[in-house]
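Enquirer: For reference, the structure I am asking about is given below.
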Amino acid sequence: MNLIVKLRRSFRTLIVLLATFCLVSIVISAYFLYSGYKQEMTLIETTAEAECTDIKILPYRSMELKTVKPIDTSKTDPTVLLFVESQYSQLGQDIIAILESSRFQYHMVIAPGKGDIPPLTDNGKGKYTLVIYENILKYVSMDSWNRELLEKYCVEYSVSIIGFHKANENSLPSTQLKGFPLNLFNNLALKDCFVNPQSPLLHITKAPKVEKGPLPGEDWTIFQYNHSTYQPVLLTELQTEKSLSSLSSKTLFATVIQDLGLHDGIQRVLFGNNLNFWLHKLIFIDAISFLSGKRLTLSLDRYILVDIDDIFVGKEGTRMNVKDVKALLETQNLLRTQVANFTFNLGFSGKFYHTGTEEEDEGDDLLLRSVDEFWWFPHMWSHMQPHLFHNESSLVEQMILNKEFALEHGIPINMGYAVAPHHSGVYPVHIQLYAAWKKVWGIQVTSTEEYPHLKPARYRKGFIHNSIMVLPRQTCGLFTHTIFYKEYPGGPQELDKSIRGGELFLTILLNPISIFMTHLSNYGNDRLGLYTFVNLVNFVQSWTNLKLQTLPPVQLAHQYFELFPEQKDPLWQNPCDDKRHKDIWSREKTCDHLPKFLVIGPQKTGTTALYLFLLMHPSIISNLPSPKTFEEVQFFNGNNYHKGIDWYMDFFPTPSNTTSDFLFEKSANYFHSEEAPRRAASLVPKAKIITILIDPSDRAYSWYQHQRSHEDPAALRFNFYEVISTGHWAPSDLKTLQRRCLVPGWYAVHIERWLTYFATSQLLIIDGQQLRSDPATVMDEVQKFLGVTPRYNYSEALTFDPQKGFWCQLLEGGKTKCLGKSKGRKYPPMDPESRTFLSNYYRDHNVELSKLLHRLGQPLPSWLRQELQKVR
């Protein structure tokens, strides 16, 4: 009994203790909740003077660093899928400019209001590593089927999304983003922004103090959220409380947010405006890097070289005096504390030494006494444009004078770098300049702003010609007439804008190597050259993690082509298509020496016969014969291309009538060349293209017999079947012969490559069998295709020679002019085993060719119809 009483008392005691514990817990919880609320309210009501370096003042609890799921880069190709509003929308163009400047691959499509999105996978691999929406509303308003399809792809292939929201006059003051725990407040005027230093996406961007001042425009969107997946990247304030009554002007708001993927497994970065604000560009580049798993990323290393052209050149009052030279030296030392190995690179024209005022001549002397402090490179002696010199010897004389001046004054002559006045002769290439440079100076490197064109600057590239490395050169807004700060074109604010996040800043941001062109006059008077680069370097170091350094020109060139080896080969263009190019191209040259059409092959299909038939027309003129390749120039497909367009155009006569005369060339190797279509489209983009197709099996056999007749060792050692059926173990000469027999017969593959660069209306496909049996009809079709006049009557001009077995030109007196003895040879018929092998080998290629011809609206040749019947 006592035991039961004791148990009851213990139970009551336990109940009392539990109740007491619960009450204490409630009190403690209430205290901390109230304290947390007060702390949060304190964090939200932040003053405008807050600095981002003090993390305690940041207004979002989500600014605490969270673990982000790593991006799996193995499942996708490194390509961006870009949805734009239209082909010409400004934001879309700005996005493309950054992608192209960064050399990131992208595929642009118009964002569908309704309908399907493009295919996202290919053979089980994702085609895109990142999706960008110019208008994020197009993404959130997609129909459920396509949105689910896209988001499933993003989750499965570890793909992220970047989106922009640009408010307009129709935007509601506030709204919730459909499908997201995210509120948008639109059309706001903002000021004083800073970068969240704890944002995980920061790579290039540094988070310094607040960027004071109003943000451009009054159409900003800010984001508010109540989910741990969101983290602010860029924060700012309202300019005034009147912007929106429900928001406090003392609160910090996010204009760029990062979605860590905790909500639905997809990481995103959203921008509350376009890319007009320079910080948005910087963060956009970092967002691409982070969300692509660093596959689409820019290195932090930046090489800059500042050239000062026209040393000793310039009229009185625009040159450097002693104080200017001392300032140049002092600034160089200052910049060396921020840019490793920084050295100004001085380009001189010795003829103009001591042609200024007395003070300016003293400046010349101080420059020469300080010669070892700088790097030096030769301009032309008299600052003449090299393309005006029509022979190499005259250029050599000018260069020798400048070299003698350099030797007399102790200027180093072994830097291996030169710049031509106005970049004349560098591109378009003036071969005499390259030859003279090598002969007198041993030049290894030059630079130009003209390749392939001056604008847009992001397309500038390098190339190598005649063993001289040509680097892209950048402008910086300083020209010979840019002398005074207050008189800067558009006002001094334009120069400052370029430095502080504008064009000049972006040049360094987006180019791993930048050679800047400045002039002597930029370092006198207001010394805008010094002002520009001191402020530019300070700004870059304040806002980025970029590592700035300088290399001598030759080392810089080697570094450039290590980064961009694909640029070594030039891509020649028609100088007459760019006014700037034509202005710095010799007047002795003419673009009339370029062909209007090309006969591209393939070999052993009847191209020589077509060539001779074309020459019968009074208005059609071919190239002059080559001593090595006879009637074929073979320019676009091989090493001849590196000899330049002057070499190529020398093969063509001057037409008597540039309108009615048609220059052409026939090179049968062009057809299957990987380089020829792109090169031809660059130099002669309006040219028409003619190709001839016969049964690829017959073509392969004919090539084999052709090689036997030319005593090719492999063709003599192996029979035809052994050649076409050999495996990977075969000796190199046999594999080479096999490729030359088989690969040109991949007709659809090669034609598609040409159609990548030329319109279908520029391509004529001739049935080789019809050309052999009925050439007059084919030539009528060719004339119509070319638009050549007058129409030539081939029916009366051609006659069949039964002895030769093909058609010949009928001359006066009944004589004929036929193909040479090497053409139309009689070979033993192909063995059945080889015929069967080739029929199987080309089956898929022939099917693809039939599809291509159907798409082009062209009839199928008889041989192709016969081969397709075998497929069934």
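Yeah, the Cβs are placed from backbone N, Cα and C, and that goes for glycine too.
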Enquirer: If you have Swiss-Prot open, could you say which of Cys741, Cys818 makes the disulfide with Cys808?
Expert: Cys818
Enquirer: Which three-state DSSP class does Thr608 (3'-phosphoadenylyl sulfate binding site) fall into?
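Expert: Thr608 (3'-phosphoadenylyl sulfate binding site) sits in a helix per DSSP.
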Enquirer: If you measure Arg825 (3'-phosphoadenylyl sulfate binding site) to Cys818 (disulfide bond) at Cα, how many Å is it?
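Expert: Computed Cα spacing between Arg825 (3'-phosphoadenylyl sulfate binding site) and Cys818 (disulfide bond) is 13 Å.
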Enquirer: Limited to the region 'Heparan sulfate N-sulfotransferase 4' (589-872), I'd like the whole-number average of pLDDT.
Expert: 94
Enquirer: Distance between Cys808 (disulfide bond) and Thr608 (3'-phosphoadenylyl sulfate binding site) at the Cα atoms, whole Å?
Expert: 12
Enquirer: What whole-number Å value do you get for the CA-CA distance of Lys604 (active site, for sulfotransferase activity) and Tyr827 (3'-phosphoadenylyl sulfate binding site)?
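Expert: Distance (Cα to Cα, whole Å): 13 Å.
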Enquirer: Work through the binding-site residues one by one (Gly606, Thr608, Tyr827) and name whichever has its CA nearest to the CA of Cys818 (disulfide bond).
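Expert: Its closest listed neighbour, by Cα, is Thr608.
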Enquirer: Around the Cβ of Lys604 (active site, for sulfotransferase activity), how many other Cβ atoms lie within 10 Å? Please give the count over every shown protein chain.
Expert: 22
